[in-house]
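Some notes on the structure that comes next.
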Amino acid sequence: CLTFQLACCCGTAACSLCCKCCPKIKQSTSTRFMYALYFILVTIICCVMMSTTVANEMKTHIPFYKQMCKGIQAGEMCEKLVGYSAVYKVCFGMACFFFLFFLFTIKIDSSKSCRAYIHNGFWLIKLIVLAAMCSGAFFIPDQDTFLNAWRYVGATGGFLFIAIQLILLVEFAHKWNKNWTAGANHKQVWNGLLALVTLILYSIAAAALVLMALFYTRSEGCMYNKVLIGVNGGLCLLVSLVAISPCVQNRQPHSGLLQSGVISCYVMYLTFSALSSKPPETILDENNWNITICVPEFSQGLHRDENLVTGLGTTILFGCILYSCLTSTTRASSEALRGIYATAETEVARCCFCCVPDGDADAEEHVEKRGGQTVVYDEKKGTVYSYAYFHFVFFLASLYVMMTVTHWFHYESAQIEKFFTGTWSIFWIKMVSCWVCVGLYLWTLIAPLCCPTREFSV
């Protein structure tokens, strides 16, 4: 078992835990798990670098702290290892790591090639390379020019990461409706499920709209909130009407209210998230005291324990980022971004429609046991996912993490403890994402009408 673990770290073997009680794991899953582990590790380091609480605790409890900082040439109190500039440098190293692997793994179709072996193994060596890249960024000359240029690269990559997630969300909505509609042609129970889920989605969206109108607006003031809630509610109504309009139905029979319900719920979520991220508005009351308006009263109490809120919120946020990375790197997702979809005739209706049907999984052919966890080599006949696309998504996610941790364009005053206090840049990024999502979905509906000679498949 020890020999196998050493081979996993330094050789071409697939990675597995040295424990017989662990369930069997596929080679493709273990590889993605290890890269995700690297991503989480660097993300945690970035959060620590942006935390003034951690920095103060280190100064207080670490003996010879000042001498250690001088020894590693990080400044008298390690000021070069904290703040937004340090996060930019560490994320630069992680982004370079994934971008180089993106270039290295282009056009890999077989897991038996030399490049595939490097992708699926050598974990200790790759960890050392990642650490060297993150550390080497601190020695880049002309730091000011580098940070200014890298900031624009990070913003571009962050926006592209958001765009990919929005495209895949629209594709998910269409895939869901197409899959269950295919089942409705054979069993009426699928029609009932479609109606039930659609009703639930619209109920959630309507309830969210009403609650935001109650808690984020008042009779005087809150003009931003009133306008945005009204506009986004109107957009949800618009996409619903367009989806069931006769002209769209004639060109796209699979278009329906289920997709519009999914988009409406997501629009309401982004609206709520944006309003929660907006800087608080304050006015003077009759006693000339500053009071916060346009936010729920209970939310002010929740933010009193800043460390708890920040820790829990940050964990949830980056858990969602990691989930987005892993779900958007499947072969189906990468093909969807290139406009390749399964035909309606090949759809097999099932509740968990995102999972691969049992008949498609022939990964059980080659199983190896080496004294520990069982490893299933599921890529003997070919790669299960696109290696290059996998690394490219993590490259974009590295830039998105960099911009998110440093509050996007309010980087100079950014602190992880103030992660949820709200900034205008985060507010507008979420609102624009909301409108882009609606625009993408509308385009999938009206594109066949605008370009009747082209073939569209969603």
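Glycine is treated like the rest: Cβ placed from N, Cα and C.
Since this is a predicted model, take the numbers as computed values, not measurements.
As annotated by TrEMBL, transmembrane segment applies to 33-55 (among others).
Taken from TrEMBL, the feature transmembrane segment applies to 86-106 (among others).
Annotation source TrEMBL lists transmembrane segment at 118-140 (among others).
Residues annotated as transmembrane segment in TrEMBL: 152-172 (among others).
Through the fold, the transmembrane segment (193-217) approaches residues 177, 180-181, 184, 225-226, 229, 233, 236, 256-258, 261-262, 264-265, 267-269, 271-272, 275, 294-296 of its own chain, all at least 6 residues removed from its boundaries and within a Cβ separation under 8 Å. Residues or ranges marked as transmembrane segment in TrEMBL: 193-217 (among others).
Marked as transmembrane segment by TrEMBL: 223-244 (among others).
Annotated transmembrane segment per TrEMBL: 256-275 (among others), in sequence order.
Sequence annotations record features per position, and here TrEMBL assigns transmembrane segment to 308-326 (among others).
Positions annotated as transmembrane segment by TrEMBL: 387-409 (among others).
For 429-451 (among others), the entry in TrEMBL reads transmembrane segment.
At the 8 Å Cβ cutoff, the transmembrane segment (152-172) and the transmembrane segment (33-55) share fewer than 3 close pairs (sequence separation 6 or more) and do not count as touching. When Cβ-Cβ distances under 8 Å to the transmembrane segment (429-451) are tallied for each of 86-106, 118-140, 223-244, 256-275, the top count falls to 256-275.
Counting Cβ pairs under 8 Å to the transmembrane segment (387-409), the stretch among 86-106, 223-244, 256-275 with the most such contacts is 86-106. Against the transmembrane segment (223-244), stretch 256-275 has more CB pairs under 8 A than any other of 86-106, 118-140, 256-275. Remote same-chain partners of the transmembrane segment (256-275), defined as residues 6 or more beyond its termini with a Cβ less than 8 Å from a stretch Cβ, comprise 169-170, 172-174, 176-177, 180-181, 194, 197-198, 201-202, 204-205, 208-209, 212, 216, 225, 228-229, 232, 235-236, 239-240, 243-244, 427-428, 430-431, 433-434, 437-438, 441.
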